[in-house]
Amino acid sequence: MESNKPAIVRIIKQNKPNEKVPIWLMRQAGRSLPEYRKAVEKTSNFMEICYSIDLVVELTLQPIKRFDMDAAIIFSDILIIADVLGCDVNFVRGVGPIIKPVKSSEELKNSQEFETKTFPILNAIRKVRSQLSEEKSLIGFAGGPWTVASYIIEGGSSKTFSKVLHFCSLELEEVIKKITEATIIYLIKQIEFGADVIQLFDSNAGILQGELFERYVIKPTKEIVSAIKNKFPDFPIIGFPRSAGNLYKDYYEKTGVSAVSIDYNVPIEWAKANLKIPLQGNLNPSLLAYNKAEAIEEAKRIIDCFRGLPFIFNLGHGVLPDTPVENIAALVDLVRNY
């Protein structure tokens, strides 16, 4: 019965509001928590953490234990797909991901070995789901193919994305095709191992406009959504095409996602008027980190705007590492009681 499902699953599947607005935060498990810093202090690199079953379970559950969030999101990274496809992914403290740049789709390995490589993550999903109470959702995720492609072609993050934008379009389509196929396999496995909801993080979607947005963001996302829903009809899938602006409307209408997470640059009144779909968002993480009083006022404004609509409270991007835990606690308390 749907009434027994977690609030976030119900909101998305029924397209109806919940009596209480549920809350979880992107990057809720991470460097803002002292228990996270203690748990990872003896690890040598970030990818080691991502492939450690016990650490992933512990880190995923930390914000549930501390803040009683309505959802846990599996502790992982969007570049797991790149790593499994044979890209040499390393994380450098203070810099971010460093990857040997891919110059051809032929450099990407076949995705047949996927389950073996990702088994620690999938096993962690199963363990978290068994330890999570029934009323809480477990969110699995992957990066949007365009975003993953832009990282592996650039060799990491970029301010200009000049390499990927100059990349041969036929070759780029082949890279995105391989990433899309691998993402489908990975997300279906996450669902089979216990994820209740999937989120697609297309963090670099805002770089593209018009026909390029259609080709590299909408098309692969639609393929992923169709493949998942072909196997799991009505499965809740949240899309997050960050910084897509008014293309959020095209995105949700054409991809078939079940809900959309909006970034903090999207005016909430515009979202309410134009995005007729369950919404998630969109408090600015900088406000939460550096101005608690202003963050609380803005959170009230967001809740008031979406009152009576299918809505999940979140940030417009991930929690910043130096966000005080008391600010997060105050936000959760506000959303619970407002």
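Just so you know, glycine gets a Cβ as well, placed from its N, Cα and C.
Of all Cβ atoms in the shown protein chains, 14 besides its own fall within 10 Å of the Cβ of ARG31 (substrate binding site). The feature substrate binding site is assigned by Swiss-Prot to ARG27, GLN28, ALA29, GLY30, ARG31, ASP77, TYR151, SER203, HIS317.
All protein chains included, ASP77 (site 'Transition state stabilizer') registers 20 other Cβ atoms within 10 Å of its own Cβ. What Swiss-Prot lists as site 'Transition state stabilizer' is ASP77.
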Margin query: If you count, for each of the binding-site residues ARG27, HIS317, the other Cβ atoms lying within 10 Å of its Cβ, which residue has the minimum?
Written below: ARG27
Item checked: Structural state of TYR151 (substrate binding site), classified by DSSP into three states -> helix
Checklist line | Nearest-integer angstrom distance between the alpha carbons (Cα) of HIS317 (substrate binding site) and ASP77 (site 'Transition state stabilizer') | finding: 14
Next item on the list: Compare all C-alpha positions of ARG27, GLN28, ALA29, GLY30, ARG31, ASP77, TYR151, SER203, HIS317, the record's substrate binders, and send over the largest distance in angstrom.
Entry: 23
Next item on the list: Measuring CB to CB from TYR151 (substrate binding site), give everything in the same chain under 8 Å that is also at least six residues away in sequence.
Entry: ILE78, LEU79, ALA82, PRO97, ILE99, GLY143, SER157, ASN204
